[in-house]
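Features of the protein shown, as given by TrEMBL:
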| type | residues | note |
| --- | --- | --- |
| COMPBIAS | 323-367 | compositional bias 'Polar residues' |
| DOMAIN | 104-242 | domain 'Nose resistant-to-fluoxetine protein N-terminal' |
| REGION | 323-378 | region 'Disordered' |
| SIGNAL | 1-22 | signal peptide |
| TRANSMEM | 249-272 | transmembrane segment |
| TRANSMEM | 408-430 | transmembrane segment |
| TRANSMEM | 450-478 | transmembrane segment |
| TRANSMEM | 499-517 | transmembrane segment |
| TRANSMEM | 573-590 | transmembrane segment |
| TRANSMEM | 595-614 | transmembrane segment |
| TRANSMEM | 634-654 | transmembrane segment |
| TRANSMEM | 666-687 | transmembrane segment |
| TRANSMEM | 707-728 | transmembrane segment |
| TRANSMEM | 749-769 | transmembrane segment |
| TRANSMEM | 781-806 | transmembrane segment |
Amino acid sequence: MVSWNYLVALCLLIAGSQLVISETTKATEVASSASQQNTQPSDRSQIDLGNIFQLLLPLLNGANNDSAIDVMGLLQQLTPLLSGNGGISGISDLLNMIPSQLLGDKCAKDGLELLKDLTSFKMWALQMIDASGKPSRNLLQGNNIWFGSYDDCLKIHHTVPDNTGHVIDGAYAQINLQLPPNITAIFNSGLGMFGGQALGIRWDLCIPKSCSGDQIKSMLNITQLRSLGLTVASVDFAGPKSLEGDTAAYVSIAILGCFVLLCIIGTIWDVVQDRYTISKKTSGHQVQNTCKQNGVNGVHLKEVTILNDKTQFCNGGESNVKQGLDNPSFTPVDQSQSNGTSQTNGISQPNGISKSSENSQPKSTCNGVGEKTNSKSVPEKSSLSRIFLAFSVRENGRKLLNCSSPPGSLGCLNGIRVLSMAWVILGHYMSFCVRVIENKTDMINMSKTFWFQVILNGTLSVDTFFFLSGLLVSYLFIREVKKTRKISAKQMGLFYFHRFWRLTPLYMIVIMIYTNIAKYFNEGPLEVPALEEMARDSCRKYWWTNLLYINNLYKSGQNEMCMAWSWYLANDMQFYVLSPLAIVPLALGYRVIGLLVIMCMVASQIISTGYIGWDIGDPSLFSPNAGRFFTELYVKPYVRIGVYAIGLLLGYVINKIKGKQHIPKVVLFVGTLVAGTAGLLVNYLTYDQVIGDHTPWGPDSNITFQTLFRLVWALVLFWLIFVCVHGYGGFVNTILSWGAWIPLSRLTYAAYLIHLIVMASFTGNMRGFGYTNGFYIMNNYIGIFAITYAASFIISVVVEAPFLALEKVMLKR
C-alpha cells in the first residue's frame with residue numbers, strides 16, 4: 001500500500017537531482033550550437049514508461065523494504081520529465097497514467113490525487129501544501145516546531161470530480177523527528193532547561209485525513225532519511241474534539257446547568273422578594289410620617305432610610321454578622337459587610353455612635369416615648385426562601401463586590417492576599433511561557449538577570465498564603481473564645497465542619513471541570529493530548545485523595561497527583577486540623593504549652609527540610625533532581641508547617657496586644673531595615689549564582705538556603721503585618737488596605753483553583769510560538785490575570801457563594 005508521503009519525497013528528490021544536473025551541465029548548454037539544439041530530439045521521447053512502472057510497482061504495492069525500491073534508478077528514468085519540453089506537465093502525465101486499481105487504500109488514492117492536482121496548480125492542493133510547516137528561524141534558540149496553518153488545513157474539503165463521492169479532507173499531522181546525537185548536543189548546550197533530554201524537531205504537515213499515523217511513520221522511516229540521522233519518533237494529530245460519546249462530560253455539563261438554573265430561580269426570587277420588602281417598608285414609612293406629623297408627645301421621629309436596588313456596591317448595604325472561626329487565606333471572610341467601618345491602628349472598627357450612647361437615647365414610637373415595639377414590618381424569611389436566595393446572582397454579586405471591611409478585620413491582609421495571588425500567577429505563567437516561545441535561550445538569559453530572581457523564588461508566594469492562613473485561624477479563633485470564655489465539643493465540631501464546607505464544594509466542582517470539560521477548551525497545534533489525558537486520568541483514579549486532603553501524602557508525584565497545584569490545599573487543611581494543638585492552649589491561657597507547640601512546628605520544618613534536602617543532594621525545582629524534590633520535599637506538610645506556625649503566633653500576639661502596642665522610633669526603624677533587607681535577600685540572593693564566574697551553588701549552600709529562606713520570609717511578613725496593624729505601616733499600610741483590594745481578595749481561592757486551567761487554555765489555543773520580550777510577557781500576563789479573576793467571579797457567584805449561604809441556613813444563623 002502506497003503512502004502519498006513517498007510520492008512527495010520522490011518529487012522532492014527529483015527536484016533536487018534536477019537542480020544538480022542543471023548546475024553541472026550549465027557550461028555545456030552555453031557551449032552547444034543552435035543547430036544542435038534544433039536537431040536534438042525531445043527528452044520526453046526518450047522516456048521508457050514501461051521501465052518506470054516496473055520501478056514504481058514495489059512502491060505502489062506498499063513495499064516497506066528499502067532494498068525493494070530502486071530510488072536512484074527511478075530518478076534516472078524520471079529526470080527527463082523535468083528536461084526539455086516536459087517539465088511539470090511530464091510528471092502530471094505520468095501520474096494520470098497510474099491506474100487507481102493499483103492503489104490499495106484511500107490514503108494512497110488521496111495522495112495521488114493531491115499530486116495530480118498539485119502539478120495542475122489546483123487551489124485545494126496548493127492550500128494543503130501552503131498549510132504545511134516550513135523550516136523556520138531560531139532553531140538554535142529552541143524553535144524546534146515548524147508550524148503549519150492549523151485552521152487553513154482543517155478547512156480543506158475537496159470533492160474529487162469522478163462521480164464517486166470521493167472526498168478529501170485535510171488533517172493536521174505532527175511529525176516528531178529525532179535528531180542525530182551531535183545535533184542534539186548542540187541544542188542542549190544552549191538549552192539547559194531541557195535537563196539533557198534530546199530535543200527533536202516537530203514538522204507539522206497538512207495531509208489527507210485518510211492517512212493514519214502508522215502509515216506516515218512507516219513510510220517516512222526510509223534509508224535515505226536514516227542515513228541523515230533522522231528518524232520519525234512518532235506521528236500525532238491535532239484537531240477539534242467532539243463531545244459525542246463522552247458521558248462524563250455530559251454529566252458534568254448537566255451539573256453545571258443545574259447550578260445555572262438554580263441561580264436563575266434564586267435571582268428571580270430575590271427580585272420578587274425585594275419588591276415585596278420595599279412595598280412593606282414603604283407602608284411602614286408612611287405610618288411613621290403620620291406619627292411625626294401628629295407630633296406624638298412632642299418627640300421628633302427620624303425618617304426611615306430604605307436601601308433600594310440602586311445601593312452602591314462599595315456602600316456596605318448589609319448588617320454585620322458574626323464572622324466564622326476560620327478564614328483561610330484563599331477563602332473570603334464570612335463577609336459580613338457593615339454599613340461602613342473605620343480603621344484604628346490597622347484594625348477595622350464600626351462607625352457610628354457607641355453602644356452606651358445609643359442606649360442613652362430614648363426610642364420614640366407611636367405608642368409613646370421610650371417604648372419598644374415588637375412588631376416587624378417584614379416577616380422573617382423561611383428556610384426555603386433563604387435556600388433560593390442563596391443562589392441569587394444579584395445578592396451574591398453584591399456581597400463579592402462590596403468594598404467595606406467587617407469590624408475587627410485586618411485591612412492590610414487584603415492587599416497582601418491579592419498581590420501574592422498575582423505573584424503565583426506570574427510564576428506559573430513564566431513556566432508556561434518558556435514552552436511556547438521560539439527564543440528559549442533568550443528566556444534563559446533573562447532568568448539570569450537580577451530582576452528575574454523574584455520570579456524564580458516565586459514559591460514564597462505560596463508560603464505567604466500559609467502564613468496568612470495561620471494568622472487568621474489563630475486571630476479569629478482566640479477572639480471568638482474570648483467572647484464565649486469556653487470551648488465546647490460542639491464548637492470544635494463546627495470549627496472543622498465550617499472549614500471543610502467552605503473549601504470542598506468549589507474544589508470538587510473545579511476538579512470535575514478540569515477532568516471532564518477543560519480538554520474541550522483547548523484546540524490547536526500546541527496542546528499535548530497525551531500529557532493532558534494522563535493528568536486527567538490521575539483525577540479519575542485518585543480524586544478521592546483530594547476530597548480527603550491527602551493528595552500530598554499519597555500519590556503525590558507530579559504525574560500522579562490530581563491537579564498538581566492542589567497540593568497547597570492538602571497542606572493547608574492538614575495544618576488547620578493540627579492548629580488547635582497550639583491555639584486552644586493559647587486561647588485558654590496556657591501560653592507556655594501553645595508556644596512550645598509552635599516551636600516544635602518550626603523545628604519540624606528546619607530538621608525535615610535539612611535532612612531530606614541532604615538526602616536528595618541538590619534540592620531545587622530547577623535541578624536534575626526536581627522530580628524527587630517536588631515529591632519528597634516541596635509538597636510535604638512537615639517542611640511547610642513552620643511558616644504556618646509563625647502565622648499562628650502573630651494571630652495570638654495581635655489578640656494579646658489588641659492594637660495598643662507603642663513601637664519606639666528606633667525599634668521601628670531598625671526592625672523595618674532588618675525586615676526589608678531580609679526580604680530582599682530571600683528573593684534575590686540566588687542572583688549570586690549567575691554573577692561573576694557564574695558558579696552555581698553547591699549542594700550544601702542550596703540545602704541551607706532551602707531550609708531557611710521560607711522561615712525568614714515568614715518573619716518578614718510577621719513584622720510587616722505587625723507594624724501595619726499597630727498603625728506604623730505608613731503609606732505601605734495605606735496601599736495594602738486600599739478598599740479596591742477587598743473584592744479581589746474574596747476571589748483569590750477560586751482564582752488559585754482555576755488559574756492554571758486558564759493558562760492551559762491560553763497556550764492550547766495558540767497557533768504558533770511567540771517571541772518573548774518585556775512587552776510580550778506583560779501583555780499576556782495582564783490578560784491571563786484579568787481572565788482568571790473574571791472567571792473566578794463567575795464561579796464564585798454560581799458555586800462558592802451559594803454554599804456559604806447554605807451553611808448559614810443549615811446552622812440557622
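Glycine residues also receive a Cβ, built from the backbone N, Cα and C atoms like all the rest.
No curator has checked TrEMBL annotations; they are predicted automatically.
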For the transmembrane segment (249-272), sequence-distant contacts whose Cβ falls under 8 Å of one of its Cβ atoms, 6 or more beyond its ends: 243, 385, 388-395, 509, 512-513, 515-517, 520, 797-799, 802
Region pair the transmembrane segment (573-590) / the transmembrane segment (450-478), three or more CB pairs under 8 Å: yes
Most Cβ pairs under 8 Å with the transmembrane segment (707-728), selected from 408-430, 450-478, 634-654, 749-769: 634-654
Cβ-based contact of the transmembrane segment (450-478) with the transmembrane segment (666-687), 3 or more pairs under 8 Å: yes
Residues in the domain 'Nose resistant-to-fluoxetine protein N-terminal' (104-242) grouped by DSSP into helix, strand and remaining coil: 56 helix, 33 strand, 50 coil
Contacting positions for the transmembrane segment (781-806) when only residues 6+ beyond its ends and CB under 8 Å are counted: 259-260, 262-263, 266, 332, 334, 386-387, 389-391, 393, 396-397, 399-400, 422, 425-426, 429, 501-502, 505-506, 509-510, 744, 746-747, 749-751, 754-755, 758-759, 762
